[in-house]
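Participant: The signal peptide annotation in TrEMBL covers 1-18. Per TrEMBL, the feature transmembrane segment maps to 31-49, 79-101, 116-135, 147-167, 179-202, 214-235, 241-260, 281-300, 343-363, 384-408.
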């Protein structure tokens, strides 16, 4: 007994030392990766609790307050939402605390990059505390998450448009024949992939002998958007390019596929329904991996591209040199401390807050289809319409990015 106690104490001490070593090794450059890792941990915890926590939640009186016990899927959804709520509060609190941080001299800059042991402890306490809040709060958060998830998808669309236009401008800026040929080749590949994929969509999701008018409508609308992109981008009055049009076309086609694949497995027009059992684990893993990657990209790119909060002392603002120069050492230290932050910390954490709501909706089938689709991720009619609306919003924003400079020539876009 004594030996076992000593062994347990040694293991606990080693675990604490290991955690302390890992936390202390997080530098300024790796802080964003650490936040992404913490978010990924929240997804893993949500996934595990969705699988095992239902019997436990049924025994908690302030959660199971009903005259008739809900089905198992209700408790699975509740567990995911409570973890998501704790994650949402953690990043929202950090976002509020980081409002107005403009240079590294601000004490909150160290808070953003350091104090990881305390942050992990606070995150754990927040997640645990969420299992003691009333069901009404979780229900409100469930409704609120649907709107927050929409904002997250909108941010992704804006970032995609910004990336595609930047990619095109960079290659055109080289003004060499090789890069023009590369633009044409990439555009051609994207369009070939778009039309081949569209043909597969007709084959998979409009089987013969079935009335699949809705699926046909979705696919035809997507193809119409593809042709509109090309016509508008090549119009002489629009300073467009074929590369952004081809990439956005391929992305909209992917969103159409994602929407159709999210239809319930027992829907006769869903050509994937016969393989539902075979792909459930793969779909779950792919859904989580896609979410983590999209959140990492969105958070890093969105935060890093925000330069509007640069302080007056920033080189971007054109501030002059001081009237009385300091010693070289003091001047170097002063410059290091007064460097402007490279991205908006507050906006960075807001992206993770929105992503927390979006991941909860993925894991619960937008909180309405878990019972219909079993363990599958992002399956159900709400997911279908969210994907299609996102595709139409992408089309609208891309067309607007081409027409806005013509409609409002006096403004900068």
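Heads up, the Cβ atoms here are built off N, Cα and C, so glycines get one too.
Where the annotation comes from TrEMBL, it is an automatic prediction and has not been curated.
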Participant: So, does the transmembrane segment (343-363) come close enough to the transmembrane segment (147-167) to give 3+ Cβ pairs below 8 Å, pairs being at least 6 apart in sequence?
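Facilitator: Checked: the transmembrane segment (147-167) vs the transmembrane segment (343-363), in contact.
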Participant: At a threshold of under 8 Å on Cβ distances, which of 179-202, 214-235, 241-260, 343-363, 384-408 pairs most often with the transmembrane segment (31-49)?
Facilitator: 343-363
Participant: Could you tell me whether the transmembrane segment (384-408) and the transmembrane segment (214-235) have 3+ CB pairs under 8 A, leaving out pairs under 6 positions apart?
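Facilitator: Touching, yes - the transmembrane segment (214-235) and the transmembrane segment (384-408) meet the threshold of 3 or more Cβ pairs under 8 Å.
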Participant: Are there residues at least 6 beyond the ends of the transmembrane segment (179-202) whose Cβ is under 8 Å from a Cβ of it, and what are they?
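Facilitator: For the transmembrane segment (179-202), the far contacts come to 168, 171-172, 216, 219, 222-223, 226, 241-243, 245-247, 249-250, 253-254, 256-257, 260.
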